[in-house]
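Colleague: Features from TrEMBL:
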- 1-31: region 'Disordered' (REGION)
- 42-243: domain 'Cytochrome b561' (DOMAIN)
- 44-66: transmembrane segment (TRANSMEM)
- 72-96: transmembrane segment (TRANSMEM)
- 108-133: transmembrane segment (TRANSMEM)
- 145-169: transmembrane segment (TRANSMEM)
- 189-208: transmembrane segment (TRANSMEM)
- 214-234: transmembrane segment (TRANSMEM)
């Protein structure tokens with residue numbers, strides 16, 4: 001999970017809020033702030049989000065097209081589910097980024113959690129499949145940078161999901177809402193880092209024997225998709241929400 005905000009936040013008037021509250025990394029303050037009357041679904045296409053959506057769809061189509069056009073095996077589910085997990089994680093990020101009032105944050109967080117729950121199911125099923133496949137086939141578990149980075153990502157994902165869920169829904173384990181709120185910014189930053197690592201690792205997968213020689217996964221397609229996701233997602237980040245220094 002990438003960002004959560006407790007429903008106890010008082011509603012804010014966008015026109016009266018500090019400029020930094022709605023100032024994205026690129027663009028003008030308010031460019032990615034959800035309008036009071038807008039539906040959450042619109043957050044998925046606000047600002048630069050369409051670029052991210054095109055990238056996400058392109059990534060899924062590229063991976064699924066390569067896998068499904070070749071001989072099927074149980075391991076085929078590993079890239080299918082991982083790419084699906086990335087797409088779902090992207091939706092979880094995009095839907096929550098523009099929220100700023102207490103009600104928007106509350107509703108956005110539930111949708112964010114639902115998307116991330118489905119993403120986690122996809123990712124960890126993909127992990128179980130690759131573990132089973134390598135054990136069943138007698139293949140070493142760690143023989144590539146992709147494999148090592150993969151276990152790092154899965155570990156970070158588990159921590160991210162646990163912290164994201166508990167800091168919002170069970171804040172008492174951190175000593176209360178205020179203490180839980182204090183780590184939100186770190187949770188957000190780590191979420192954006194994990195998204196980038198997903199994209200890097202899928203690119204690495206395209207250069208493995210299975211990706212390059214067996215299913216002919218196009219590296220250029222994965223890279224272009226990843227670039228679109230980055231330039232569509234990261235400019236919408238609100239500076240105030242990721243300030244971990246100062």
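First residue shown is number 1, and so on along the chain.
Note: Cβ is positioned from N, Cα and C throughout, glycine not excepted.
Where the annotation comes from TrEMBL, it is an automatic prediction and has not been curated.
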Colleague: Who are the long-range neighbours of the transmembrane segment (189-208) in its own chain, taking Cβ under 8 Å and residues 6 or more past its ends?
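Modeller: Beyond its ends, the transmembrane segment (189-208) has Cβ neighbours at 1-3, 59, 63, 79, 82-83, 85-86, 89-90, 93, 144-146, 149-150, 152-153, 156-157, 160, 164, 217-219, 222-223, 225-226, 229-230, 233-234, 237, 242, 244.
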Colleague: Residues of the same chain, at least six outside the transmembrane segment (44-66), with any C-beta under 8 angstroms of its C-beta?
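Modeller: Answer is 24, 26-27, 31-32, 34, 79-80, 82-84, 86-87, 90-91, 94-95, 98, 199, 202, 211, 215-218, 221-222, 224-233, 235-236.
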Colleague: Can you name the far-off residues of the same chain, 6+ from the ends of the transmembrane segment (72-96), with a Cβ under 8 Å from a Cβ of it?
Modeller: 1-4, 40-41, 43-44, 49, 52-53, 56-57, 59-60, 63-64, 66, 105, 108-109, 111-113, 115-116, 118-120, 122-123, 125-126, 129-130, 132-133, 191-192, 194-195, 198-199, 202, 205, 210-211, 215, 217, 229, 233, 236
